[in-house]
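Below: one structure, written as structure tokens.
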Amino acid sequence: MSRTRQLAGTGLFEATVPRYTSYPTAPHFGATDPHRTERWLGALPAGARLSLYLHIPFCERLCWFCACRTQGVRRPEPVAAYVDSLKAEIEMLAARVPPDSRVVRVHWGGGTPTILTPVQIGDLAAHLAAAFRLDPGREFAVEIDPTVTGPDRIAALARAGMTRASIGIQDFDPRIQAAIGRRQSVGQTAETVRHLRAHGIASLNADIVYGLPHQTVPGIAESTARVLGLAPDRVALFGYAHVPWAARRQRMIDANALPGAPARLALMEAAEAMFLGAGYRALGIDHYALPGDGLAAAAAAGRMRRNFQGYTDDGADALIGLGASAISLYPGGYAQNAPATAAYAGRIRAGRLATARGHALRLEDRLRGALIERLLCDLEVDLPALAAAFGSVAALLEPEVARALERFRPWLTRRDGRLRLTPAGKPLARLVAAHFDAYLRRGTARHSGAI
Ligand code: SF4
């Protein structure tokens with residue numbers, strides 16, 4: 001039997017599952033108020049290492065394929081008002097973390113962070129630096145849209161201390177770009193990369209997407225070759241998530257032009273083969289990095305983590321999300337800000353933290369979350385280590401492990417106590433993770449395809 005048919009037998013091609021950038025996933029958070037967040041902030045250890053995520057939920061135009069929480073904006077006023085809210089939130093949070101805490105990582109994402117003017121970029125960065133103690137060796141990553149990011153903004157970000165740029169590419173094929181509502185030429189992207197390098201930004205991420213309308217194996221190979229020509233040190237190869245019930249703009253995309261699940265697998269593996277052939281290392285389920293990259297080193301040492309930005313080598317004590325819909329992870333659990341910008345700004349104006357939803361982690365959540373995180377980061381799980389860390393509660397996984405070994409044979413194995421996905425079984429990783437998700441069975445949230 002062919003590998004594709006064997007994989008089909010696991011239900012891979014019909015299954016819809018979360019991406020697991022948290023456990024439980026955000027649809028399973030409950031309504032909450034800011035008091036719990038206040039307590040979690042107050043309980044951070046002395047000298048806490050902090051990671052800050054700033055969400056900029058605005059774009060000049062909305063790309064049809066994108067399911068990010070963002071809104072189109074044509075006037076500068078809403079962005080300026082939002083920056084004021086962010087600055088107020090920065091002050092509120094900085095006043096609540098331990099005074100000797102240090103920020104070791106900053107990430108600006110969106111939406112389009114580069115919708116901010118050079119003056120706003122400098123103002124926001126200066127505000128962060130004044131409010132928090134920033135570690136001199138911090139990483140400062142920014143998501144860059146080459147179609148709206150001119151040299152003036154790159155210069156402003158470089159002055160603000162940006163160390164890593166993450167460039168959205170998707171696919172360079174003009175027919176695909178027309179079908180997903182995002183035009184971005186190779187020349188435009190290369191020009192952005194040239195400006196970034198000229199400003200000393202050595203670390204470059206590129207995001208490309210498989211599973212787009214009209215995408216073919218020769219086509220994705222051509223796009224991948226162009227991406228390799230930009231020499232990013234890290235690449236994320238995401239599967240297009242067609243979720244028009246959650247992202248209405250995706251209704252503009254012709255569902256009949258989308259490749260089916262077996263074709264998606266072929267597209268993903270064609271691009272992957274090219275990255276591996278070019279000397280990149282595979283990290284987790286969908287990232288690739290050159291051997292000298294920090295994330296590659298973290299993965300090799302078993303230190304890679306998974307959070308809302310995807311994979312990270314961030315070892316911070318808390319990830320604090322600022323801005324509308326941003327999610328924080330504290331030692332006690334998750335806290336998500338009000339999703340709508342008006343509701344978020346209203347809370348901040350009233351002098352309150354903007355938490356609207358969240359989840360306090362129980363021991364079983366931590367156990368399942370640890371298993372899922374290790375599986376998606378390392379493609380293997382050290383079960384005795386989990387038992388040592390979590391004690392008797394780990395025993396509740398045993399029947400589920402036995403069922404998983406049965407269901408995913410021969411791709412999932414157990415040897416020397418380690419649950420391991422074989423290299424050929426990597427496409428099953430999210431489906432295996434879902435097998436251990438206790439919330440998925442209770443919820444009604446709809447998800448994207450498992451491959
Ligand atoms: S892909 Fe980027 S620019 Fe396009 S809608 Fe999404 S966040 Fe905005």
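Note that Cβ sites are derived from N, Cα and C of the backbone, with glycine treated the same way.
Here is what TrEMBL says about this protein:
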DOMAIN    44-281  domain 'Radical SAM core'
BINDING   TYR53, GLY110, GLU143, ILE327  S-adenosyl-L-methionine 1 binding site
BINDING   CYS59, CYS63, CYS66  [4Fe-4S] cluster binding site
BINDING   PHE65, CYS66, ALA67, GLY111, THR112, GLN170, ARG182, ASP207, ALA241  S-adenosyl-L-methionine 2 binding site
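Distribution of TrEMBL features across the structure.
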| residue | record | CB count, 10 Å |
| --- | --- | --- |
| CYS59 | [4Fe-4S] cluster binding site | 19 |
| CYS63 | [4Fe-4S] cluster binding site | 21 |
| PHE65 | S-adenosyl-L-methionine 2 binding site | 25 |
| CYS66 | [4Fe-4S] cluster binding site | 20 |
| ALA67 | S-adenosyl-L-methionine 2 binding site | 16 |
| GLY110 | S-adenosyl-L-methionine 1 binding site | 21 |
| THR112 | S-adenosyl-L-methionine 2 binding site | 25 |
| GLU143 | S-adenosyl-L-methionine 1 binding site | 22 |
| ARG182 | S-adenosyl-L-methionine 2 binding site | 20 |
| ILE327 | S-adenosyl-L-methionine 1 binding site | 23 |
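It is TYR53 that, of the binding-site residues TYR53, ALA241, has its Cβ surrounded by the most other Cβ atoms within 10 Å. Cα of ALA67 (S-adenosyl-L-methionine 2 binding site) to Cα of GLY110 (S-adenosyl-L-methionine 1 binding site): a span of 11 Å. Among the binding-site residues TYR53, GLY110, THR112, GLU143, ALA241, ILE327, the ones whose Cα sits within 10 Å of the Cα of CYS66 ([4Fe-4S] cluster binding site) are ALA241. A Cβ distance below 6 Å to any atom of ligand 1 is met, among the binding-site residues TYR53, CYS59, CYS63, PHE65, GLU143, ALA241, by CYS59, CYS63. Ranked by CA distance from ALA241 (S-adenosyl-L-methionine 2 binding site), the binding-site residues TYR53, CYS63, GLU143 have CYS63 at the top as the closest. Each of ARG61, LEU62, TRP64, PHE65, CYS68, THR70, THR112, GLY181, ARG182, ARG249 belongs to the same chain as CYS59, CYS63, CYS66, is absent from that list, and has a C-beta within 8 angstroms of the C-beta centroid marking the [4Fe-4S] cluster site. Cα distances from CYS63 ([4Fe-4S] cluster binding site) to the binding-site residues GLY110, ARG182, ILE327 are smallest for ARG182. Confidence in the domain 'Radical SAM core' (44-281), given as mean pLDDT, stands at 96. In space, CYS59 is the closest of the binding-site residues CYS59, PHE65, ARG182 to GLY110 (S-adenosyl-L-methionine 1 binding site), judged by Cα positions. A separation of roughly 12 Å, to the nearest angstrom, links the Cα atoms of ARG182 (S-adenosyl-L-methionine 2 binding site) and CYS59 ([4Fe-4S] cluster binding site). DSSP gives CYS59 ([4Fe-4S] cluster binding site) a strand state.
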